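Peer 1: Marked as disulfide bond by Swiss-Prot on the basis of sequence analysis: 40-51, 68-171, 146-163. As annotated by Swiss-Prot, domain 'C-type lectin' applies to 38-173, with the evidence given as sequence analysis. What Swiss-Prot lists as signal peptide is 1-26.
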C-alpha cells in the first residue's frame with residue numbers, strides 16, 4: 001500500500017502524462033491525412049481525390065470550361081487552399097514553356113455589380129474561402145470577370161482578365 005502522500009503525487013504524475021499524451025495525439029490527428037491513391041489518365045496528375053491536367057492550347061474562359069466538362073465532374077480548376085495552389089503552380093511551371101497566365105475556374109457572373117468584388121465564385125460551385133489575389137479586383141478601374149493564375153507570381157496569385165482572352169488552362173476532375 002502507498003503512503004498517503006505518495007498517492008496524490010502519483011495521481012498528479014499520471015494526470016500530467018495523460019495530458020501530454022492527449023496533446024501529442026491531438027497534434028498528429030490535425031495533420032493532413034495522406035491522399036487516397038487514385039488513378040489519373042495519361043497527361044494528368046493526382047492530388048488528393050482529383051486529377052489535374054494542363055492544356056496548352058489557348059481558349060476563352062468559357063470554351064476552356066466546356067472542354068474541362070468533357071471529363072468526369074470536370075471544370076476549370078478551383079483552388080481551395082494554399083497547398084492546392086502550390087500543387088497547381090508546380091504542375092504549370094513544370095509543363096508550360098510560355099509566358100502566359102493560366103485560366104482557373106474563378107469568375108464573377110455579376111460582372112462587378114456586387115460591392116467589394118463580392119460576386120466572385122468558382123464555376124464548380126466550391127465555396128470561395130481561400131483567396132490569393134495579386135491585386136484585389138475591387139481596386140481595379142476596369143476589371144475582367146474571369147480569373148487566372150498570374151505568371152508574374154509564379155502561378156501562386158490570381159489575376160482577373162477579360163473572359164474572351166485566349167489562355168492555356170487547368171482542368172480539375174475525378175476519374
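In case you wondered, yes, glycine gets a Cβ from its N, Cα and C as well.
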Peer 1: Using DSSP, how many residues of the domain 'C-type lectin' (38-173) fall into helix, strand and coil, respectively?
Peer 2: 31 helix, 39 strand, 66 coil
Peer 1: Below 8 Å Cβ to Cβ and six or more residues apart, same chain only. Which residues does that give for residue 171 (disulfide bond)?
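Peer 2: Counting only residues 6 or more apart in sequence, the Cβ neighbours of residue 171 (disulfide bond) under 8 Å are 52, 53, 55, 67, 68, 71, 74, 75, 76, 77.
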Peer 1: Out of 146, 163, which of the disulfide-bonded residues has the smallest number of neighbouring Cβ atoms within 10 Å?
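Peer 2: Sparsest of the disulfide-bonded residues 146, 163 by Cβ contacts within 10 Å: 163.
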Peer 1: Judged by the number of other CB atoms within 10 angstroms, which among 40, 51, 68 is the least packed of the disulfide-bonded residues?
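Peer 2: Taking 40, 51, 68 as the disulfide-bonded residues, the minimal 10 Å Cβ count falls on 40.
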Peer 1: Mind looking up the mean pLDDT for the domain 'C-type lectin' (38-173) in the predicted model?
Peer 2: 92
Peer 1: Between residue 146 (disulfide bond) and residue 40 (disulfide bond), what is the CA-CA distance rounded to a whole number of Å?
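Peer 2: That comes out at 27 Å between the alpha carbons.
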